[in-house]
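Chemist: Pasting a structure here, questions to come.
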Amino acid sequence: MLFPVLHLPKAMKFSSFSLIASSLLSLVAAAPVTLLKRDSRWDYANDKIYGVNIGGWLVLEPFITPSLFEAVSSDVPVDEYHYTEALGKEEAEKRLQEHWSTWIKEEDFKGMANAGLNFVRIPIGYWAFQLAEGDPYVQGQQEYLDKALEWCAKYGLKAWVDLHGAPGSQNGFDNSGKRGEIGWQNTTGYVDLTVQVLDQLTSKYGGSNYSDVIIGIELLNEPLGSYLDFDQLVDFYNKGYQLVRNNGNAPVIIHDAYLPDHTFDNVLNTEQDPNVWEVIVDHHHYQVFDEGSLSQSIDEHVSTACGWGQSENTEYHYSLCGEWTAALTDCAKWLNGAGRGARYDATFGGGNYIGSCDQLYTANYDYFTPEVISNYRRYVEAQMDSFLYGKNAGWVFWCWKTENTIEWDMQRLLGLGIIPQPLDDRQYPNQCGFS
């Protein structure tokens with residue numbers, strides 16, 4: 001998820017909770033260029049992805065599980081790097097093993113399938129495969145990734161394995177493992193280590209052993225293109241592509257680096273190099289990380305969302321929205337980083353006051369009146385329609401569950417009727433004018 005920090009271009013009532021919990025329990029129970037395709041695991045030209053991210057599990061994020069970070073000390077660590085550094089390896093491993101084994105379980109995958117989803121994006125950090133010198137991180141995540149893929153197979157879900165964090169940080173966001181400096185390209189050692197990790201990752205997960213489940217390897221999540229050397233990034237993508245091909249036939253996913261649409265049309269282009277095939281561009285879309293977006297009316301939010309799909313439909317590569325949200329504010333606790341407030345109420349970023357965050361800081365169902373639910377539902381439907389338009393390959397919501405938020409929590413949003421059931425149900429059809 002995008003956390004544009006450092007000026008970079010990312011108590012409920014019992015009766016309400018019971019109603020939502022009951023809904024959730026019943027849900028869980030119940031002009032395109034023709035690109036050469038050499039693997040039958042997924043047809044990006046015709047099949048559509050309806051997916052969800054498993055955030056805050058194998059890569060920690062303070063806004064998803066704030067209790068983990070608050071339990072360390074009064075001096076709350078801001079990311080997984082500082083979390084493990086503060087606890088030391090032995091205690092960090094003990095706590096993370098408990099988190100990994102309880103935060104996501106088999107029943108979650110059953111719930112995803114029952115909700116009509118067909119896909120899961122699973123973030124994992126480089127440190128699950130190799131450590132850089134001096135890293136405080138602990139390992140053990142691969143065991144749980146393996147379990148997740150087994151559960152995907154059991155419930156008919158496809159998956160991407162997403163390298164979410166690189167040494168030195170590719171974006172400075174806490175979800176890269178280390179908040180602050182964007183140091184990934186500062187030394188060739190960091191990039192080289194990332195390439196080595198990709199080799200390990202693709203040799204294990206990119207071959208035939210997982211071809212019934214894995215329909216993509218994402219080379220790197222959200223490299224921040226405006227702060228990185230573009231030529232070096234393209235070189236990394238080329239190397240990563242070749243590693244995937246050396247180890248198997250999995251589709252290769254490259255992130256758009258938050259650069260304009262069409263930036264990567266001539267990167268890994270089949271028409272320029274017939275040996276290149278099955279490359280997908282991953283776009284992430286949010287309207288909550290700048291004051292201008294937060295100030296928009298619901299009609300403006302819908303119009304912006306519709307424009308995404310129209311533009312990306314004309315890109316050379318097939319594209320997919322690998323992260324999006326129902327959120328119309330940045331009010332969720334620590335969304336902008338541990339210890340930080342929100343732009344919406346002017347407690348972060350130094351901008352103008354837009355509105356109160358009092359009822360959105362944590363999961364307060366009283367805020368979600370019929371009118372509020374209607375606005376959120378309109379926005380969600382517009383995004384879904386946009387990301388499914390034309391050759392756009394689908395969408396992956398961020399994220400499946402959180403401790404304390406509603407705007408970012410698919411399970412709670414399903415219970416409120418903000419995310420449609422079935423997923424193609426429309427209360428506000430054809431908002432984008434595509435038909």
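Glycine residues also receive a Cβ, built from the backbone N, Cα and C atoms like all the rest.
Feature list, courtesy of Swiss-Prot:
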ACT_SITE  GLU222  active site, proton donor
ACT_SITE  GLU323  active site, nucleophile
DISULFID  CYS306-CYS432  disulfide bond
DISULFID  CYS331-CYS357  disulfide bond
SIGNAL    1-30  signal peptide
Chemist: To the nearest whole angstrom, what is the C-alpha distance linking CYS306 (disulfide bond) and CYS331 (disulfide bond)?
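Modeler: Here the two Cα atoms are 24 Å apart.
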Chemist: Same-chain residues six or more away whose CB lies under 8 A from the CB of CYS432 (disulfide bond)?
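Modeler: VAL302, ALA305, CYS306, GLY309, GLN310, ALA382, ASP385, SER386, TYR389 - these are the non-local Cβ neighbours of CYS432 (disulfide bond), listed in sequence order.
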Chemist: Using DSSP with the three-state reduction, classify CYS306 (disulfide bond) as helix, strand or coil.
Modeler: helix
Chemist: With GLU222 (active site, proton donor) as the reference Cα, tell me which of the recorded positions GLU323, CYS331, CYS357 is the closest one.
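Modeler: For GLU222 (active site, proton donor), the closest Cα among GLU323, CYS331, CYS357 is found at GLU323.
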Chemist: In the structure shown, with every protein chain counted, which of the disulfide-bonded residues CYS331, CYS357 has the densest set of Cβ atoms within 10 angstroms of its Cβ?
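Modeler: Of the disulfide-bonded residues CYS331, CYS357, the most buried by Cβ count within 10 Å is CYS331.
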Chemist: Looking only at C-alpha atoms, tell me how far the residue listed as 'active site, nucleophile' is from CYS357 (disulfide bond), rounded to the nearest Å.
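Modeler: Approximately 23 Å lies between the Cα of the residue listed as 'active site, nucleophile' and that of CYS357 (disulfide bond).
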Chemist: Once the chains shown are all counted, how many other Cβ atoms turn up within 10 Å of the Cβ of CYS306 (disulfide bond)?
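Modeler: Total other Cβ atoms inside 10 Å, all chains included: 19.
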